[in-house]
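K.L.:
Can you keep this structure in mind? I'll have questions shortly.
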Amino acid sequence: VPACNVDCAAGSAMVPAAQANSLSRAVQGFACGADSGCPSPDLCALTGAVDAATGAHQACCVADDYMNMYGRFAGIPAVFTTMRSGNDVAALLAAAPAGQGLGATLALRWTPGMDPSGVLIWALGVCAALTAAWRSGAADRAQYAARMRPGSRAARAPQEEAIGPSVEITMGQAVGFLVLASIILVGMYLLIQAGVPIVVFVIVLFCFGATSGVAYIAALPVVERCFPSLTRKVYPVRWLGDVTASHAVAYGTGVCVVLFFVAVRHEAYSWVVQDFCGVCLCCLFLLTVRLPSLRVATALLVLFFLYDIFMVFVTPLIGSSSVMVDVATAGAPTTVVNQQCYCRLNPDDSSVCGPGESMPILLRFPRLLDYRGGYAMLGLGDVIVPGLLLSYAVRRDVRAAGTVKGGYFPVLAAGYAVGLFGANVAVWLMQLGQPALLYIVPTTLGPFLLRAHARGELREMWAPPATEAATPLADQVDVENEGGARRDSSSPEAVGAAVAVVGGDDAARGGVSPRERAVSGDGRRRL
């Protein structure tokens with residue numbers, strides 16, 4: 001009997017040689033094991049294995065596996081059913097009165113047209129983008145308050161002081177950012193097609209970036225507020241210099257959170273930890289990378305608008321599948337015709353029988369009403385790219401009036417929510433993955449440009465004066481750190497912040513990135 005035809009784990013028995021010729025009678029006597037899981041005592045088969053000492057033959061349950069039919073379309077309905085279900089139908093026929101016919105109705109199991117998870121991932125995405133953008137303007141709000149109160153001094157936010165001045169994207173860097181993103185995405189796609197486990201490498205990079213995000217965005221503010229004395233405790237560390245206890249505790253917390261994510265990433269609740277790390281990573285990126293003008297913002301968003309459409313909709317016309325979708329869903333177990341049988345015979349083949357891996361560079365929420373399971377997903381890029389524009393709007397409003405009320409940010413926040421909701425509706429209507437930026441860019445950039453034009457501020461924001469574009473408000477005002485020393489606003493330490501998003505070289509070698517070695521004015525190094 002072929003190996004896939006029997007399932008000895010469900011039930012088995014040794015049949016005496018004298019009875020082996022009558023398998024049905026023999027198995028009824030031995031029942032394929034006392035706790036047989038066979039659909040019926042008659043559904044057993046000899047495996048061909050013989051006990052050399054007694055001559056007894058092994059009989060096991062006939063496998064009752066679901067299989068993918070994978071047949072060509074025949075023009076008629078086709079249904080695969082198990083033998084257990086077949087026995088139930090036979091029992092109904094046997095119990096029916098003589099001469100009475102029985103009918104059967106086939107129906108697809110109900111699935112929701114739009115699972116509530118779609119609404120929840122929309123809310124999560126909106127909250128992530130708005131939170132990240134709002135946090136990016138913390139230093140500007142503090143400095144505006146300092147300007148309005150002569151003689152007062154405002155301290156930097158803990159994460160702002162740890163990371164240092166932000167990095168502003170130039171027009172050339174915006175184009176280079178797109179080129180680099182395209183090369184990375186296509187390269188990952190080709191490696192996936194070649195069978196290279198690239199997902200594991202992406203998980204490693206995500207962990208390095210998430211460690212920094214959790215440390216500086218979530219842990220450090222809590223540590224410095226709850227244990228202010230730790231900011232004054234300094235310890236010398238080889239290769240790092242003097243490290244404050246608060247930064248060491250915050251970074252240690254980030255490491256613990258990420259290690260916990262790695263340990264539970266296959267559990268049903270792992271999405272909670274992944275989303276937390278992803279939101280922190282988005283906040284870190286927007287805190288360290290900024291747009292200097294509406295001109296650069298327009299170029300960046302339009303380029304990524306076209307990039308998203310091309311990778312999702314055009315690449316399937318060139319090749320056999322969507323590059324973006326294939327990369328986003330990479331890491332799932334390989335599909336075979338009879339997975340249950342294959343895994344019984346090859347339990348150590350993790351590529352088919354293991355839990356698989358999934359790309360961590362996205363927010364996800366489990367489907368609540370769909371029996372097939374799965375997740376509603378939103379890529380971090382769909383938060384970060386429009387988040388750069390939202391961050392620019394926050395800083396613009398704060399610089400002008402000290403508040404976002406009546407400014408650009410509320411309009412863009414509403415536009416982002418509408419655009420992301422439109423993307424979810426499109427997924428529901430088309431039952432197909434959508435490029436979110438196709439809907440988000442027009443509903444954010446468009447209203448921004450129209451409002452700026454209506455207020456007569458478009459020319460000013462399109463190409464601001466060189467001094468204003470080059471120096472953020474947070475770095476125009478002299479501030480003092482906790483030790484009373486002045487920070488150098490020209491410090492290049494912020495350059496390393498962007499590296500955290502992809503796991504920078506320093507971090508990949510087990511060290512720390514430049515932003516984690518921020519030097520305060522009194523010469524102390526901060527982890």
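Glycine residues also receive a Cβ, built from the backbone N, Cα and C atoms like all the rest.
TrEMBL annotations: computationally assigned, not manually curated.
The following feature annotations were taken from TrEMBL:
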TRANSMEM  89-108  transmembrane segment
TRANSMEM  120-138  transmembrane segment
TRANSMEM  174-192  transmembrane segment
TRANSMEM  198-219  transmembrane segment
TRANSMEM  239-262  transmembrane segment
TRANSMEM  268-289  transmembrane segment
TRANSMEM  296-318  transmembrane segment
TRANSMEM  374-394  transmembrane segment
TRANSMEM  406-430  transmembrane segment
REGION    505-527  region 'Disordered'
COMPBIAS  514-527  compositional bias 'Basic and acidic residues'
K.L.:
Does the transmembrane segment (268-289) come close to the transmembrane segment (406-430), meaning at least 3 CB pairs under 8 Å for residues 6 or more apart?
P.N.:
no
K.L.:
Which stretch from 120-138, 174-192, 239-262, 268-289, 374-394 shares the most C-beta pairs under 8 Å with the transmembrane segment (296-318)?
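P.N.:
Answer is 174-192, with the largest number of Cβ pairs below 8 Å.
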K.L.:
Short question: most Cβ pairs under 8 Å with the transmembrane segment (374-394), which of 120-138, 174-192, 239-262, 268-289?
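P.N.:
Comparing 120-138, 174-192, 239-262, 268-289 against the transmembrane segment (374-394), the winner is 120-138.
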K.L.:
Would you mind listing the long-range same-chain contacts of the transmembrane segment (120-138), meaning Cβ under 8 Å and 6+ residues beyond its ends?
P.N.:
157, 160, 217, 275, 278-279, 282-283, 285-287, 290, 363-365, 376-378, 382-384, 386-387, 390-391, 393-395, 398, 409, 413, 416-417, 420-421, 424
